[in-house]
Amino acid sequence: MATIGALVLRFFFIAVLMSSQKSWAIKEEHTIIQAEFYLLPDKRGEFMFDFDGDEIFHVDIEKSETIWRLEEFAKFASFEAQGALANIAVDKANLDVMKERSNNTPDANVAPEVTVLSRSPVNLGEPNILICFIDKFSPPVVNVTWLRNGRPVTEGVSETVFLPRDDHLFRKFHYLTFLPSTDDFYDCEVDHWGLEEPLRKTWEFEEKTLLPETKENVMCALGLFVGLVGIVVGIILIMKGIKKRNVVERRQGAL
């Protein structure tokens, strides 16, 4: 993706710091971020709300639909998708103006950091989820491919929208449901305009190496022995010190 032509990009962020809430003597501060952008040459945009780093909802631009991160949120609040579409239209118009003023100068590409981990401790034969965490990148354009034993996987995959960071970079999560096995290894391959070639992170099952019972017993016995030796040596040194002091006191008394 690094060979793609110049990208012209503009982000529109509205950040609101909520009034401090006091509970007894505790001061609490929360942040709501409305993040939206329109991207060229992809001709697509995103509109979402973030609360303390977690997505509340985003708007599916193509379907003109509000998608809540948790269904329960829709029971307590509502958001008209048309409002987001109107904002994206304004962003597009502003972007056209900025392109002319900047002489089509592209924004800088910031390559992502990628980490792969499991959602919970892994046990063989028990379903789990792999998480591919893509962080600190810009612009918000990534291609992500899951691979099992080197072959692409398309079932059981999901992802979040692009999530804003305080430094105006982005982060994103991709998920893969899987059944842990000693025969399989998994890769999360990430392609971004800031990378010269796709970045691949590998995950494979690692068995926990436990000491055999006999070795554990030997280690415990050795530790106990060393501890007892230390105690005995300490007592001997103390007794010698007391004895030496008594001899000195007797000599001084005789004088």
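Every residue, even glycine, has its Cβ placed from backbone N, Cα and C.
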From Cys132, Cys220, the residue that Swiss-Prot pairs with Cys188 through a disulfide is Cys132
Annotated as N-linked glycosylation site in Swiss-Prot, from the list Asn103, Asn143, is Asn143
Using DSSP three-state counts, the residues of the region 'Alpha-2' (110-203) come to 0 helix, 53 strand, 41 coil
